[in-house]
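As written in TrEMBL, here are the features:
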type     : residues  : note
TRANSMEM : A:12-32   : transmembrane segment
TRANSMEM : A:39-57   : transmembrane segment
TRANSMEM : A:77-100  : transmembrane segment
TRANSMEM : A:107-132 : transmembrane segment
TRANSMEM : A:138-156 : transmembrane segment
TRANSMEM : A:206-224 : transmembrane segment
TRANSMEM : A:236-253 : transmembrane segment
TRANSMEM : A:265-287 : transmembrane segment
TRANSMEM : A:302-323 : transmembrane segment
């Protein structure tokens with residue numbers, strides 16, 4: 001699919017810039033050009049497709065659906081899936097959280113949404129397709145959704161409502177029974193400019209991370225010896241997965257910047273499962289997110305939430321390493 | 001009665017851009033209006049919104065969950 005791009009990169013670096021195909025610099029630059037262009041194209045396509053889905057499935061509609069339908073336990077899976085397909089913006093997570101509990105959605109179901117929303121997002125998916133291929137992307141997306149489902153269900157079972165901030169409890173006490181939302185009545189043709197602009201804005205917003213991430217990746221690709229990490233992280237020692245996850249939890253990095261670096265780790269010998277777990281912990285949990293959630297939760301609840309999600313990420317890391 | 005415009009958002013880049021776009025739209029149209037930035041979550045939730053930023057003109061939600069463009073805002077204010 002991207003053969004033409006490889007030809008273009010070869011031509012640009014080896015013929016136009018006259019940098020030898022066997023030099024480290026040549027290899028690194030070729031890798032850089034190829035990856036940046038490929039990722040930006042994929043990113044735009046995926047974000048654009050998500051934009052179309054979201055135009056027809058606005059978040060208000062999803063909430064309404066979760067509220068109205070009796071789903072017999074499936075609501076966790078639905079909420080988690082919705083979390084994956086709605087575009088994530090960290091600044092929307094708190095209003096979303098409140099909006100959900102206010103609308104009568106159980107806390108566990110809200111958590112299912114909250115876990116998956118950053119964990120599986122369109123930017124990470126686009127980068128995963130570009131760097132690891134479709135199969136790994138599918139595993140990542142499906143396991144992310146399952147993780148949110150199970151995590152949300154468990155958090156719901158723990159009955160944590162009393163650990164919410166006081167003002168949130170007050171909101172819970174007088175839930176809205178009815179909320180109306182107005183669906184914008186627009187044709188596809190009318191929506192198209194807005195969707196395109198939205199996709200373009202997201203791509204523009206992450207382009208710098210893509211360039212930096214792939215830049216670091218390209219440098220490592222050309223200079224770090226094959227199997228370098230194998231000596232330290234690839235030997236299948238049991239502690240590598242928890243270590244990778246625990247290092248990643250407090251870190252905040254954009255998926256656009258972190259995936260290209262991970263790809264090089266994998267190419268140089270780190271098991272894919274460990275790498276996916278590392279990425280999930282980086283994008284799914286972070287100190288800035290905890291700070292935002294402090295507005296609506298007590299520290300204890302945040303700790304439980306982070307603990308449960310961390311545990312499941314570590315668990316999935318082991319499972320990936322077993323099956324991949 | 002002068003127009004009251006509110007921009008809801010907890011201070012993320014998108015919210016700042018929206019606020020800036022409103023200022024720009026007002027300047028271009030030469031309209032006087034009360035422009036307010038709502039960053040407090042509790043205050044924000046009174047409007048029952050799920051995604052930010054939100055543009056509110058005279059207590060009616062006009063645009064939510066995305067950046068409002070200058071031209072759009074101008075059209076809404078006319």
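Residue numbers in this text run from 1 along the chain shown.
Each Cβ is built from the backbone N, Cα and C atoms, and glycine gets one as well.
Not measured: the values here are computed from a predicted model.
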Interface check, the transmembrane segment (A:236-253) with the transmembrane segment (A:302-323), three or more C-beta pairs under 8 A: yes
Long-range environment of the transmembrane segment (A:107-132) - Cβ separation under 8 angstroms, sequence gap at least 6: 35, 38-39, 42-43, 45-47, 50, 66, 75-77, 79-84, 86-88, 90, 93, 96-97, 100-101, 140-141, 144-145, 147-149, 151-157, 160-161, 164, 202, 206, 210, 254-256, 259-260, 262-263, 266, 272, 279-280, 283-284, 289, 305, 309
Stretch contact, the transmembrane segment (A:12-32) with the transmembrane segment (A:302-323), Cβ-Cβ under 8 Å, 3+ pairs: no
Among A:39-57, A:138-156, A:265-287, A:302-323, stretch most in contact with the transmembrane segment (A:206-224) (C-beta, under 8 angstroms): A:39-57
Distant-in-sequence neighbours of the transmembrane segment (A:138-156), which means Cβ under 8 A and at least six residues beyond its ends: 73, 76-77, 79-81, 83-84, 106-116, 119-120, 124-125, 128, 132, 276, 280, 304-305, 308-309, 312-313, 316, 319-320, 324
Contact set, same chain, for the transmembrane segment (A:265-287): CB under 8 Å, 6 or more residues outside the stretch: 115, 118-119, 121, 124, 132, 136, 139-140, 143-144, 147, 220-221, 224-231, 233-234, 236, 240-241, 244-255, 258-259, 306, 309-310, 313-314, 316-322, 324
Surrounding residues of the transmembrane segment (A:302-323) on its own chain - C-beta under 8 Å, 6+ positions past either end: 111, 115, 139, 143, 147, 150-151, 154-155, 158, 160, 163, 236, 241-242, 244-246, 249, 271-274, 276-278, 280-281, 284-285, 290, 293-294
